[in-house]
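J.: Feature annotation from Swiss-Prot assigns region 'Disordered' to 52-80. Sequence annotations record features per position, and here Swiss-Prot assigns compositional bias 'Basic and acidic residues' to 55-69. Annotation comment: Swiss-Prot describes Lys242, Lys461 as substrate binding site, evidence class similarity to another entry. Here Swiss-Prot flags Asp374, Asp376 as Mg(2+) binding site. Annotation comment: Swiss-Prot describes 374-377 as motif 'DXDD motif'.
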Amino acid sequence: MQMQVLTAASSLPRATLLRPAAAEPWRQSFLQLQARPIQRPGIMLHCKAQLQGQETRERRQLDDDEHARPPQGGDDDVAASTSELPYMIESIKSKLRAARNSLGETTVSAYDTAWIALVNRLDGGGERSPQFPEAIDWIARNQLPDGSWGDAGMFIVQDRLINTLGCVVALATWGVHEEQRARGLAYIQDNLWRLGEDDEEWMMVGFEITFPVLLEKAKNLGLDINYDDPALQDIYAKRQLKLAKIPREALHARPTTLLHSLEGMENLDWERLLQFKCPAGSLHSSPAASAYALSETGDKELLEYLETAINNFDGGAPCTYPVDNFDRLWSVDRLRRLGISRYFTSEIEEYLEYAYRHLSPDGMSYGGLCPVKDIDDTAMAFRLLRLHGYNVSSSVFNHFEKDGEYFCFAGQSSQSLTAMYNSYRASQIVFPGDDDGLEQLRAYCRAFLEERRATGNLRDKWVIANGLPSEVEYALDFPWKASLPRVETRVYLEQYGASEDAWIGKGLYRMTLVNNDLYLEAAKADFTNFQRLSRLEWLSLKRWYIRNNLQAHGVTEQSVLRAYFLAAANIFEPNRAAERLGWARTAILAEAIASHLRQYSANGAADGMTERLISGLASHDWDWRESNDSAARSLLYALDELIDLHAFGNASDSLREAWKQWLMSWTNESQGSTGGDTALLLVRTIEICSGRHGSAEQSLKNSEDYARLEQIASSMCSKLATKILAQNGGSMDNVEGIDQEVDVEMKELIQRVYGSSSNDVSSVTRQTFLDVVKSFCYVAHCSPETIDGHISKVLFEDVN
C-alpha cells in the first residue's frame with residue numbers, strides 16, 4: 001500500500017506516543033524507534049527518506065562509493081556553487097580579517113548624517129558655514145529615485161520620513177541643492193499621512209522624540225509641510241507623554257539609553273552630560289546626539305569622534321557607532337549556526353578574545369566600552385565565550401533583573417523579543433557552580449517567548465527578519481541539549497535572511513558582517529557537499545547491513561538509517577568519515593547483538609551466550625564453522641569485520657576490548673538496560689576511529705577527569721535509554737524525575753567539556769562525550785515522526 005509521509009516542522013509541539021505497547025518493549029532499543037501505525041499493528045510508517053526514491057536517485061546502480069550524482073534541482077547551479085566553495089571561504093576570511101580593527105561594519109544613516117551636516121563651523125568667527133561639508137555632499141549623492149532618503153531595500157514609512165526630513169532640513173539650512181530639497185519636500189508632503197497607518201511594532205528608536213524636533217526646525221525654515229496633519233497630532237502627544245516620564249535629574253545623574261536621543265531634548269545641562277561620554281568620545285555611540293552636543297558645546301572629543309566617523313564612512317555616519325562588540329559576536333553566532341565556523345577558527349578566536357576583553361562584571365554594551373550595558377550583547381557574549389572555553393561568570397545577568405523580571409536596558413518602554421531569545425539560549429549553558437540566576441532567567445525568558453508565540457506576536461522592535469518566528473519556535477521546541485548541529489544548521493539555512501534582514505535604529509540599517517549573502521551561499525554549498533557525501537555513505541552502510549544479514553537479527557533498515565543520521569548530525573565534517581561511520585556501524589551492530597542476547601535472556605541463558613561471544617571476539621583464530629549457532633557466527637564475523645575496517649594495529653586490540661566491556665555488561669538480570677554502556681562503546685569507538693584514543697590511551701586510563709566523563713555520560717544515557725523504552729511502551733518504573741536528574745548531570749558535563757582547566761583530556765574528546773549524550777537527549781526528546789522529518793530534511797532534501 002502507498003504510505004503517507006510525515007514530516008515534522010520545528011514549530012510542532014512534541015507529540016505523545018500513543019501506539020499499543022509492545023509485548024516485549026525492552027526489545028525496542030535506543031535506535032529502534034518506529035513511528036505510529038496508521039492502519040493496523042504491524043504496518044510501520046517509514047520516513048520519506050526511505051520511500052520516496054531519494055536513494056534510487058542517488059544510486060544509479062553505483063558499484064563504488066567514489067561515484068555520485070549531484071543533488072537534483074538546479075544541478076548545474078549547485079555544482080558550480082559547491083566547486084566555488086574554497087573561493088567563497090577565502091573571500092569571507094578576507095572580510096573577517098579586514099574587519100578585525102573595525103569599529104563596526106554597518107550602513108550609513110541619512111538621519112545621523114543630516115545632524116552632522118547641521119553643525120555650524122566651530123572656528124568660523126561668527127560666519128555661518130557647515131563644519132562638515134562632506135556630510136552635505138553625502139546627502140546630495142544618496143537621494144533615492146523617489147525623492148526620499150532611507151533604506152532602499154525596505155519601505156517603512158517612519159524610516160523614509162525621518163531620514164528625508166532630516167536631509168531636507170540640512171540642505172535648507174545651508175541653502176544648497178535646491179532641486180533635491182524640492183523633491184524631498186514633495187515626498188514628505190505626499191507620504192506624511194502614512195504615519196497614521198504605521199505599524200508601531202516597528203517604530204524607529206526615539207521617533208516620537210526626534211521627529212517633532214525636526215518638524216520644528218523645518219517650520220522655522222519656512223518649509224511647506226502640513227504641521228497640523230492629523231497623523232502628526234498623535235506623535236506630538238506621545239512626545240509630551242514620554243518627556244513627562246523622563247526624570248530630568250536621572251538623565252543627568254548617570255548614563256542611560258536616553259543619551260542616545262539627546263538631539264530630541266531641550267534645556268540640558270551639558271557640563272553634567274559630557275561626563276558620560278564613551279571612551280571613543282561619543283554620547284552613547286550616537287552620531288546624531290553627539291553632533292547636537294557638539295553644536296551646543298564645541299567639545300573637542302565630540303569633534304574628533306564625528307571626524308573619525310565620517311572619514312570611515314565616506315562623508316556619512318551610521319546610526320550607532322561603534323558597534324564593534326555587536327558586530328563581532330553576531331557574526332560569530334551566524335557562522336556557527338550556518339555550520340561553517342570550522343573554516344574560520346583563527347578569525348573567530350580573535351573576535352572572541354576581543355569580546356572577552358570588553359566584557360565587564362556588569363555586562364557588555366554593543367560598542368567598545370560604552371558605559372550602558374544591555375542584556376542582549378551580554379547574553380550573546382556569555383553564550384559564545386562559554387562555548388569556547390572562556391571563564392565567564394553568570395553573575396553578569398544579575399544587573400538586568402529587578403523584582404523577578406529581566407530587562408534589556410534599564411527604563412525600557414517595551415520588551416525585546418530577540419533580547420529574551422538570546423538570553424534564553426544563553427541560560428541553557430549552565431555550570432554546577434552557577435547560582436539560581438540562570439535557572440530564573442531561563443524560566444522568565446521561556447515564559448515570555450511562549451506567551452509571544454501563543455499570541456502570534458513573534459516580531460521584534462530592533463530587527464526585521466522573516467526567519468525570526470521560526471528561530472524562536474525552534475529554540476522553544478528543541479532545547480540546546482537536544483539540538484543536533486546539522487539539524488540546527490539545516491533549519492537555520494531557511495531562517496537566515498542574509499542581506500534581506502534590516503535592523504531598527506533611528507532609521508533602518510544593515511549589518512554587513514552579520515547579514516551577508518556570501519555566508520548563506522557558502523553555507524548552502526557546504527551543506528550540499530555534506531549531503532552528497534552522506535548519501536554515498538548511507539548507500540555503503542546499507543550494503544554493509546545487507547551483506548551481513550543484520551535484518552535477520554531484528555535490525556530494520558529504518559534503524560540503520562537513524563543510526564547513521566545520529567552520527568552524521570553530530571560529526572559532519574568530511575574528514576571525519578571514519579568516526580561518523582564507526583559510530584553508525586557500532587550502533588547498528590550493538591543493536592543486532594542486543595537483539596540476539598535478548599532471545600537468550602528470555603530463557604535465562606544470556607550469561608552463557610555473552611561468554612561465548614566474548615570468547616569468540618578474543619580469539620582471532622576462532623573457527624566459525626564449529627559453532628552450532630549460525631546467528632552468533634554471523635554476528636562475530638560482522639564484528640570482526642567492523643574492527644578490521646575501523647581500527648589498525650594496537651587500536652584493533654583497543655576496539656576489541658571496548659566491545660568486550662560492552663558485552664560484559666549483559667547479564668540475565670540486565671534485560672538489555674545497557675544504554676549507558678552503549679554510550680561508552682560509541683565514545684570509545686569514535687575516539688579509536690579518529691586515532692586520538694590510541695596515542696593517549698595509557699594516560700587516559702589514569703585520568704580522573706576522563707573517568708568522570710565516562711561516569712557522567714554512562715549515567716545520563718542509562719537514564720535517557722530508560723525514558724526512551726518507557727515512551728515506547730516499556731515499564732514506567734524509575735522514570736519519574738529522570739529529566740531533572742539528567743539536567744543536573746548535564747551541568748557538570750557542560751562544565752567538563754567547556755569549562756575544564758585540565759589538559760588530561762583533549763577538547764575534541766570531551767566534545768565526543770557531549771555529542772553522544774546529546775544524541776540520546778535528542779531521541780528522548782523527539783517523537784519518531786519528528787526524527788524522521790529531520791532525517792529527510794538533513795540528508796535527503798536538497799538545499800535550495
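Backbone N, Cα and C atoms are what each Cβ position is placed from, and that goes for glycine too.
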J.: On the three-state reduction of DSSP, what should I expect for Lys461 (substrate binding site)?
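T.: The residue in question, Lys461 (substrate binding site), is coil (DSSP, three-state).
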J.: Using other CB atoms within 10 angstroms as the count, which residue among the binding-site residues Lys242, Lys461 scores least?
T.: Lys242
J.: On average, what pLDDT score does this prediction assign to the motif 'DXDD motif' (374-377)?
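T.: Here the mean pLDDT over the motif 'DXDD motif' (374-377) amounts to 96.
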J.: Given a 10 Å Cβ-Cβ cut-off, pick out the one of the binding-site residues Asp374, Asp376 that has the most other Cβ atoms nearby.
T.: Asp376
J.: Rounded to the nearest angstrom, how far is the Cα of Asp376 (Mg(2+) binding site) from the Cα of Lys242 (substrate binding site)?
T.: 24
J.: Provide, as an integer number of angstrom, the distance between the C-alpha atoms of Lys461 (substrate binding site) and Asp376 (Mg(2+) binding site).
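T.: One finds 13 Å between the Cα atoms of these residues.
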J.: What three-state class does DSSP give Asp374 (Mg(2+) binding site)?
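T.: The three-state answer is strand.
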